[in-house]
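For 21-47, 421-438, 445-467, 473-494, the entry in TrEMBL reads transmembrane segment. Under the heading domain 'Guanylate cyclase', TrEMBL lists 536-668.
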Amino acid sequence: MMHDVKRIAKVVAVKAMRLFALVPAWEVDAVIAVVVTAGALALYLAVARYQERTGFSFIGNIELRSLDARFEMRGSRQTDLDIVIIGVDEKTLRKTGYPIPRRAYASLVNKLASAGCKVIGFDLDFPTAENNSALDVLNRLKGQAGAHTSPEFMSEIDNQIASSDNDAAFGEAVAKAGNVILGHVFLDSQQKAQSLSSQEAEDYYKLLWDHPFPQTHPYPDGANFSPADAFMRQKGNTVFGVEPNIAKIAERAKSIGYLDTVFDADGTIRRVPLLIYYKDLDFVPPIEIEMLRYLENISIDDSNAFIGQSGVHEIRLGAHAIHPAKDGTALINYAGPYKTYPHYSLADVLTGEVSPATFHNKIVFVGPTAKGMGDMRITPFSTPEAAYMGVEIHANVLDNLLHSENPRRGFLKRGTREETVDLVVILLFGIGGGILFAKTPPLRAGIAALSILGGFAAVAFIVFALFGMWIYVVIPAATVVIDYAAISSYRMIFEEREKRKVRKTFERYVAPGVIKLIEENPEKYFRTGGEMRELTVMFSDIRGFTEISEGLTPDELVHLLNRYLGDMTGVIFESLGTLDKYIGDAIMAFWGSPVPQSDHAYRACETALKMSVALNDLNQRLTHEGKKTLKIGIGINSGQMNVGNMGSEFRFAWTVMGDNVNLASRLEGQTKAYKTMRLITEFTYEEVKDQMVCRQLDVIRVQGKEKPVAIYELMDFVRSKDQYEDLLAHFNAARDAYIRQSWSEAITLFEGLLERYPEDGPSIVLLDRCKEFRVSPPSRDWDGVYTTKKEAVH
């Protein structure tokens, strides 16, 4: 049974691959783009709806980190110069101790009120009476006083109690100033709420009732539903208790507001709740809204929150129209790193080191800035070196409220408009990017993808910095990356399939270099025609091949040729040469096309020398087998040649043509005449003279050419130059006598050279020529050029 399943699966796979091969590449690209786009849209919607769940929260956290990165890139922005912070810092704790005496706060409020500050907001709560032992004693004394205690004594006790009651003194200062907004902290669980005195909570609630969120309305007007229910469905902040300020202080304040913020999943504060629903009773405002209402004298009638079925729609505070998230939170547009707003030490203000006049017409926040007081918070600007204190978060929120109409300074915008932009970008990147990647070569497509990502990141940052818009970047960027990766991967598979077709068709007829370029640019290399290029061409031939073949059977001859041609062709391909053709036992190859090579002459000469080594190895094997060895001749020339696809649509070859090609062929024929293996022309010599050991043998005029050409024997690589110095010195001296037509001197020198190097073929040839010229000398105006006898042309 299992065997049948495997067989059926194999058949189905084969059929699928065949169908896959028939599908045009662009259609598959389109399907990939659509699938990627659909997946990105689905993921985006899932993250928006279920971002608190594992998996989706991971993506959401990355997006939040990208927002933090935008804050860091933007740096500090313009702030409201009226906002300052008086901090309960380490210096204050050293001077006053902890907790700070309430009378110190009373003194501070009196100084600020006298200086004419606009408003004072306390990022501190006062849930318990001050621990005052003197006051405790006086209260006990009063309680123990009998009916016969004199009225004067009781009056003095009352006066002492009044002067010793720091809470009352603080409350009196708050009432006298008339511009103090106190803060309090809500409790977000029933368990925490039950730990408080129910009477205290009830009394404080009555105070809160006097300072509720001004007005809440269903949206649209006249809709019949509970705004509180809609708020809770959107997971708006709902609390169950409050840590109350003591009545002596709270009842004297101009207003009160909560100090609560919202922590994201990673513990960072990026949002602030602009309203909280308290204990199924009512909505209440934060301290910043109460400070704003006082500063701008915004009445109850001009303070409204509109809550629709889908959550908070809008908050209007006088001229300010704020559009928070559906849960009532607003994204804080931080002004910069910690201490972007001016900070002053409470101790310095109390001692007069900081003049009270500093706070004239200022908006003052008072709060803890000493690290030991536990109010350190994580924000987009937090660093291990610089903790961010909660009091400055409240300063940022009030700054955002005061300048809500300014996109650079108000709350960040993240609503329907931004979500629409996200969806459009995903569609554009998914479908548009798919079309672009499908029509662009992979490397350029990769550059385009990087450009898109870089451009998009720049745009996302610009709209953030200039317009306060938070555009998502993670999923749109992932859409580009996945689109590119998927389409490029498929194209690599598809193009490799096409390349295999090219190789299968042409590998038997053209060189590997040609196949490579055909794969990259088939239109160019399938088109017939050529172009003039500077190239180097080589011809090689087996000497006496006819005699060798006569002693072999046809099968032995073919086997020998295959061994020889295989070894020599391998050497040519090692240097990236292009094998033009086999002409019987002859080989024609060239360098510089189709793969451009500036060192084509060197590569050809290198190949010739390595062919000699390869031939020697082959001959050793032939000798061991008891067979005849081979000798070859090689001719090389460099120059302008016509190269390209020569032939017709039925049959063609990548080849070279021209006079310089013919010259190389004739030069190969001269190797036998000069009894040497390798000859190069003066044109090739000029290209390799610093890299190869060569010696000039002659200046010849080949058949069919009027212009003579100097020919050189290619001897070795220049690294072996030392072993040829003696031979070259004697040969050049003898050849110099030959050129001067000093035949007897030349004969003597060549004979002496041959005694030392009896196998030196060129010396044998020139010695015979000297003897011939001594008997029958050339004309007096002889220019040293030797006209060759007729040789075969390939």
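A Cβ is built for glycine as well, from the same backbone N, Cα and C atoms used for every other residue.
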Going along the chain, which residues at least six beyond the ends of the transmembrane segment (421-438) come within the CB cut-off of under 8 Å?
25-26, 29-30, 32-34, 36-38, 40-41, 44, 445, 448-449, 452, 456, 469, 471-472, 475-476, 479-480, 483-484, 487-488, 491
Per DSSP, the domain 'Guanylate cyclase' (536-668) contains 62 helix, 41 strand, 30 coil
Given the model, what does the mean pLDDT over the domain 'Guanylate cyclase' (536-668) come out as?
91
